[in-house]
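**Student:** Grabbed the feature section from TrEMBL, which reads as follows:
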{"type": "REGION", "residues": "1-37", "note": "region 'Disordered'"}
{"type": "DOMAIN", "residues": "74-169", "note": "domain 'Calpain catalytic'"}
{"type": "ACT_SITE", "residues": "Cys129", "note": "active site"}
Amino acid sequence: MPTVISASVAPRTGAEPRSPGPIPQLGQGKTTEAGGANPSGIYSAIISRNFPIIGVKEKTFEQLRKKCLEKKVLYLDPEFPPDETSLFYSQKFPIQFIWKRPPEICENPRFIIGGANRTDICQGDLGDCWFLAAIACLTLNERLLFRVIPHDQSFTENYAGIFHFQPWKLLMSWN
């Protein structure tokens, strides 16, 4: 039986998850919206059933979510595609993975219900105890938790397959 991972390329039409095929690549220095140059060549994209690409250089979460909702597509990050390249560096894994989004796994997915508690955080099969310990510590202070995991995201009317988080950044100083 294939392992289920909570992400998918299935469009919001209720169609069964399917392979996205090749992800189109943007040419170096070109955008799909403004036609301007991109010196870094780094893009994120929104990919729908027909793979329309929306350049997202320097766009905010709100702008990306609005664009997805307007085009009736779910966000897909080409730098973390729903395939084994996001899970493994160079090896092939003997298990077939089926990537699904939360609405494809359960009828009424919820992100956070009535706050969070340290006992809500459970480690699965991944070796991510260090990360989960940090999240569990955040649940002890709701103000800090919602600084890292903002309130403005859910699986309801504004669901566009995109979520944002605001972790602290490492600040280095010389003295």
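Glycine residues also receive a Cβ, built from the backbone N, Cα and C atoms like all the rest.
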**Student:** Take the domain 'Calpain catalytic' (74-169) and count its residues per DSSP category (helix H/G/I, strand E/B, coil), listing them in that order.
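**Tutor:** Looking at the domain 'Calpain catalytic' (74-169) with DSSP, the answer is 27 helix, 3 strand, 66 coil.
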**Student:** Just how many other Cβ atoms lie inside 10 Å of the Cβ on Cys129 (active site)?
**Tutor:** 10
**Student:** When the pLDDT values for the domain 'Calpain catalytic' (74-169) are averaged, what is the result?
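**Tutor:** Per the prediction, mean pLDDT sits at 85 for the domain 'Calpain catalytic' (74-169).
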